[in-house]
Amino acid sequence: MGSKGAERRKQATPGQTPEGNVVMSFSFESYQLEEEDCQGKDISDKGVLALSEPAFEEAVPDDRYHGIYFAMLLAGVGFLLPYNSFITDVDYLHHKFEGTSIVFDMGLTYILVALVAVILNNVLVEMLSLHTRITVGYLFALGPLLFVTIFDVWLERFTIKQAYVINLMSMGTVAFGCTVQQSSFYGYMGMLPKRYTQGVMTGESTAGVIISLSRIFTKLLIKDERKNTIIFFVISICMVLVCFILHLLVRRTRFVQYYTSLARRGLSHAKDHSQHASQYQVHHDVITEEGNGAVGCSPAGDGCADFAGGNTYVRFDVPKPKMKRSWPGVKDMILHRYVVARVIWTYMLSIAVTYFITLCLFPGLESEIKNATLGEWLPILIMAIFNISDFVGKILAAVPYEWNGTRLLFFSCVRVVFIPLFIMCVYPAQMPMFSHPAWPCIFSLFMGITNGYFGSVPMIHAAGKVAPEQRELAGNIMTVSYMSGLMLGSVVAYAAYSFTASGSSFHSQTGYNFTQGY
């Protein structure tokens, strides 16, 4: 733990102005008075005192044992785990709601509500505090999980039609809460070093892997479907609670408070912060002062006091009063977002295009890939390969490489090649061009890696392209782009699903694990 800068009054240090006037500086916050070189300057120049940010004699906090990084990884797990919990018990859903498209309807409900939530969160970013939004998000995510587990799965209080509607409503509530968390966390991570954004995004992929393993083991160990589903949901609830408690603990750590306070004061991260640290200085300017040549000072604005005694001026420095932040007007909010979007627009398009292409294919079109030998296991295998490779891609995003925004957008668009490749794995229905099961597995592997990588890199780098005080807003704007890509991809996938489902009875007779890797 670093020691704070001494806040005792330093011994007065005199400074000489070009006209021979003496300036005495008494500092209460480790400020220094420096004399600026005045050689070669016109003798008529006046001395002006300038105030900039204080230099804090505080050691940069360290993420000892990578505990903060691990907590942020679990944060990514926490805000996608409730959604994955509803989707991953696909066997229970298909058995209970036989002959319906419950999994697909829940996925579409999630995307549509999530888009509304991320836009609303973007509007409220200046109105509600960061941690208020995250806490509310956790409560909205946990509530439906508890309600469905107790009243629908355990007590079975509803009819089939009622349960269907309640599950969709629960998914919508989860979507709202989880998306508010997600959008807020991206803004939160924008204030921390880049690796923590990568940690959160890796956690998103980890959520799909963890919840899939949880469902596999509960189903293998407990044969009764209702009991293993209850235990599955209880495990999910406990994991979300752990993530929530970790968030409450981590937000109070010195590491997080140090970096978030830097960002809110408009300073860079620690290594840049040391370069910007400055003191009171005597600057020479051509601005005309009072007739007696006094050094100008604004007592009300700078919290200083001048005492004229001959040609001697004494300045006492006191901390600036904190100003209460008022809510901005609509025009200001639009202007703030426009200014940020002008800087990061290539990153916004990159992440939107990446997830649009992925959602066009996953899980909709991939679930239609059939094979006589592997049967219904092929789509499950393809989904598993995608989730694992997506996880690997997000880990690779941690490798330091400075991407140019235009190149990043180009490579994100190149991924469109996966669309015709997967179509050739499905059509023509009687004999697809890529009929061997290895082909869709290979395509899914590369699609997952590129989705994880190009879905993470724009989010990681975008916050570093704007001023520190704009980083939380940049993270929220990037999440709007991210969710826009998901929504547009889901709409296209829904059209493809309706088209293929009408001509195939195979899909209606089997249930697949549509665990989302995004």
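Backbone N, Cα and C atoms are what each Cβ position is placed from, and that goes for glycine too.
According to Swiss-Prot:
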COMPBIAS  1-10  compositional bias 'Basic and acidic residues'
REGION    1-21  region 'Disordered'
TOPO_DOM  1-66  topological domain 'Extracellular'
TOPO_DOM  88-99  topological domain 'Cytoplasmic'
TOPO_DOM  121-133  topological domain 'Extracellular'
TOPO_DOM  179-198  topological domain 'Extracellular'
TOPO_DOM  219-229  topological domain 'Cytoplasmic'
TOPO_DOM  251-342  topological domain 'Extracellular'
TOPO_DOM  364-376  topological domain 'Cytoplasmic'
TOPO_DOM  398-407  topological domain 'Extracellular'
TOPO_DOM  429-439  topological domain 'Cytoplasmic'
TOPO_DOM  461-476  topological domain 'Extracellular'
TOPO_DOM  498-518  topological domain 'Cytoplasmic'
TRANSMEM  67-87  transmembrane segment
TRANSMEM  100-120  transmembrane segment
TRANSMEM  134-154  transmembrane segment
TRANSMEM  158-178  transmembrane segment
TRANSMEM  199-218  transmembrane segment
TRANSMEM  230-250  transmembrane segment
TRANSMEM  343-363  transmembrane segment
TRANSMEM  377-397  transmembrane segment
TRANSMEM  408-428  transmembrane segment
TRANSMEM  440-460  transmembrane segment
TRANSMEM  477-497  transmembrane segment
Under 8 Å Cβ-Cβ from the transmembrane segment (67-87), and at least six residues away from its ends along the same chain, one finds 103, 106-107, 110, 137-138, 141-142, 144-145, 148, 167, 170-171, 174-175, 177-179, 181-182, 185, 189, 192, 195-196, 199-208, 210-212, 232-233, 236, 239-240, 242-244, 246-247, 249-250, 253, 255-256, 514-516
For the topological domain 'Extracellular' (179-198), sequence-distant contacts whose Cβ falls under 8 Å of one of its Cβ atoms, 6 or more beyond its ends | 68-69, 72, 75-76, 78-80, 113-114, 117-118, 120-122, 125, 130, 133-134, 136-138, 140-141, 256, 259-260, 262-264, 269, 394, 397-398, 456, 459-464, 468, 471-476, 478-480, 483
For the topological domain 'Extracellular' (179-198), the number of residues DSSP places in helix, strand and coil | 17 helix, 0 strand, 3 coil
When counting C-beta pairs under 8 angstroms to the transmembrane segment (100-120), the leading stretch of 134-154, 199-218, 408-428, 477-497 is 477-497
Recorded stretch, among 199-218, 230-250, 377-397, 408-428, 477-497, maximising Cβ pairs under 8 Å relative to the transmembrane segment (343-363) = 477-497
Report, as numbers and ranges, which residues of the same chain sit near the transmembrane segment (230-250): CB under 8 Å and 6 or more residues beyond its ends.
-> 68, 71-72, 74-75, 77-79, 81-82, 85, 88-89, 134, 138, 141-142, 145-146, 148-149, 153-154, 210-211, 214-215, 218, 222, 256
The topological domain 'Extracellular' (398-407): which same-chain residues, six or more beyond its ends, come within Cβ distance under 8 Å?
-> 195, 198, 202, 344-347, 350, 457, 461, 465
Given 408-428, 440-460, 477-497, the one sharing the most C-beta pairs under 8 Å with the transmembrane segment (377-397) is 440-460
Would you list the DSSP helix, strand and coil counts for the residues of the topological domain 'Cytoplasmic' (219-229)?
-> 8 helix, 0 strand, 3 coil
Sequence-distant contacts of the topological domain 'Extracellular' (461-476), meaning Cβ under 8 Å and at least 6 residues beyond its ends, amount to 118, 121-122, 125, 130, 183-191, 194, 197, 262-269, 336-337, 339-340, 343-344, 347-348, 402-403, 405, 408
Helix, strand, coil residue numbers for the topological domain 'Cytoplasmic' (88-99) per DSSP?
-> 8 helix, 0 strand, 4 coil
What counts of helix, strand and coil residues does DSSP assign across the topological domain 'Extracellular' (121-133)?
-> 8 helix, 0 strand, 5 coil
